[in-house]
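Enquirer: Feature list, courtesy of TrEMBL:
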{"type": "BINDING", "residues": "CYS102, ASP104, HIS155, CYS158", "note": "Zn(2+) binding site"}
Amino acid sequence: MQKPQKLINLSRRNAIKYGGGFLGTGLAATVLGSNLVKPEPVAAQNPIIAQNKDITPDQALRKLMEGNKRFVEQKRQTPNQTRERLVEVSESQAPFASILGCADSRVPAEIVFDQGLGDLFVCRIAGNIAIAEEVGSLEFGSMVLGSKVLMVLGHSRCGAVEATIKGGRFPGQIGTLIDDIQVGVERAQQQSGTNKLEMAIQANVIHQVELLNQSVVLGDLIDKNQLKIVGGYYDLETGEVTLLT
Ligand SMILES: [Zn+2]
């Protein structure tokens, strides 16, 4: 099923939608015609927000990968999971990273990156696909909450990608997921290599990164060096995340 122009105008539509809802809850937003003004967090003096304010996208990515290294080496610190942190982030949040990950039960972002409350803005959906609602959420995470790095995280033996390769008819709404994974599967079929499933999983991650890069809102943040979008691959056996882009 073709979904032409899926992302065209999508960003602005969602930004305006959030502008009328989320932003109204304590954040000053101005949406005038085509000029979208980045809202200033009301709680700019809040230590949580101040803490991440000056972090660069590269530093945010490093922090994320260091957390994964601790996880792999079984040296987790389980940061920011105290009662104090819970209270601290109850008023506001400033996650330093966003994850577009698969819904797979074996890839929980906070655990595999060794993070805690208020650290990650996570969207999970089978096949880690950048459909409209996910893109809108991630735009919110970076534009309003200030997340500095956005990682699309695929993983080994992804059932959603495997089902796409096998094809056939799917009950309910499952087929809608398949449509969005198809591009990556087709790209992998053009490549040489024996493990078509792993190749398709990685090609799908790269395709979803490309879709996110089409977002006007995210593109603007990237241009200002306030955001970086990367693709990652999680190995179910080792727990290690490898950067693909
Ligand atoms: Zn999966």
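Backbone N, Cα and C define each Cβ position, glycine as well.
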Enquirer: Compute the centroid of the Cβ atoms of CYS102, ASP104, HIS155, CYS158, then list the same-chain residues not in that set whose Cβ lies within 8 Å of it, in sequence order, for the Zn(2+) site.
Expert: GLY101, ALA103, ARG106, VAL107, ALA126, GLY127, ASN128, GLY154, SER156, ARG157, GLY159, ALA160, VAL161, ILE201, TYR234
Enquirer: What is the one among the binding-site residues ASP104, HIS155, CYS158 whose Cβ has the most other Cβ atoms less than or equal to 10 Å away?
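Expert: When each Cβ's neighbours within 10 Å are tallied, CYS158 leads.
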